[in-house]
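Listed features, source Swiss-Prot:
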- Asn39: N-linked glycosylation site (CARBOHYD)
- 1-11: topological domain 'Cytoplasmic' (TOPO_DOM)
- 33-42: topological domain 'Extracellular' (TOPO_DOM)
- 64-77: topological domain 'Cytoplasmic' (TOPO_DOM)
- 99-131: topological domain 'Extracellular' (TOPO_DOM)
- 12-32: transmembrane segment (TRANSMEM)
- 43-63: transmembrane segment (TRANSMEM)
- 78-98: transmembrane segment (TRANSMEM)
- 132-152: transmembrane segment (TRANSMEM)
Amino acid sequence: MKKMIGSPGTMSGLILRLGQCATAAASIGVMVSSYDFSNYTAFCFLVASMGLQLIWSFGLACLDVYAIRRKSDLRSPILLSLFTVGDWVTALLALAAACSSAGVTVLFTKDTEFCRQQPALSCDRFQISVGLSFFNWFLAAISSHTMFWILI
C-alpha cells in the first residue's frame, strides 16, 4: 500500500479530519445562530449535511488518534474501501448542500434583494456559513481523493 499525505492513521490524516470537523462545526454554528434559517430547505439541508460530515470526520479523527498512539496500520483494503465510500458520500452531500445554499443566498442577496427588504434576515451569516461549507467540501474532496489513490 502507498503512503500518502492524508493517509488514515497518520498525523496529516488527523489534521485533515480535524479541519473537516472544525469547518463543519463552524458552518453549523453560524447557520444555526442566524435568524429564520429553518424556513428555507436548503439551509436545513446544509445543517444536516454538515452534521453528518462532523460525525463522520470526528469518528475517523478518533480512529486516527488511536492508530497513532498504538502505532497500528489502518491501511487494510477493507478499511480503505469503507473510508473511501464514506468520504465520497459525505463529500457529495457537502457539495450538494453548499451549492444549494449558495444558490439561495445569491438569490436573496443579489437577484431579488430580499435581504434589503427583510433587514431581520441574517444574510451575512448565510454567506459565511456557505463559505465554510465549501471549504469543508474542499477538505473532504482532498480526503476522498487520497483514500481512492491509496486504494488503487
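These residue numbers are counts, starting from 1, taken along the chain as shown.
Using N, Cα and C of the backbone, Cβ positions are placed for all residues, glycine too.
Between the transmembrane segment (43-63) and the stretches 12-32, 78-98, 132-152, the greatest number of Cβ pairs separated by less than 8 Å involves 12-32.
Outside the topological domain 'Cytoplasmic' (64-77), and at least 6 residues removed from its termini, the chain residues within Cβ reach (under 8 Å) are 1, 7-11, 13-14, 17, 150-151. Every protein chain shown contributes to the tally, and the Cβ of the residue listed as 'N-linked glycosylation site' ends up with 9 other Cβ atoms within 10 Å. Averaged across the topological domain 'Extracellular' (99-131), the predicted model reaches a pLDDT of 89. With DSSP classes pooled into helix, strand and coil, the tally for the topological domain 'Extracellular' (33-42) is 6 helix, 0 strand, 4 coil. Across the range of the topological domain 'Cytoplasmic' (1-11), the DSSP-based residue counts are 1 helix, 0 strand, 10 coil. Long-range contacts of the topological domain 'Extracellular' (33-42) within its own chain (CB-CB distance under 8 A, at least 6 residues past either end) are made by residues 97, 100-101, 103-104, 120-122, 125-126, 129.
If you look at the topological domain 'Extracellular' (99-131), the same-chain residues 6 or more away from its ends with a CB under 8 A from one of its CBs are 27-28, 30-31, 33-37, 40, 42-43, 45-46.
Remote same-chain residues near the topological domain 'Cytoplasmic' (1-11) are listed as 60, 63-64, 67-68, 72-75, 79-80, 83, 142-143, 146-147, 149-150 (criterion: CB distance under 8 Å, separation of at least six residues from the stretch ends). Here the topological domain 'Extracellular' (99-131) is broken down by DSSP into helix, strand and coil counts: 26 helix, 0 strand, 7 coil.
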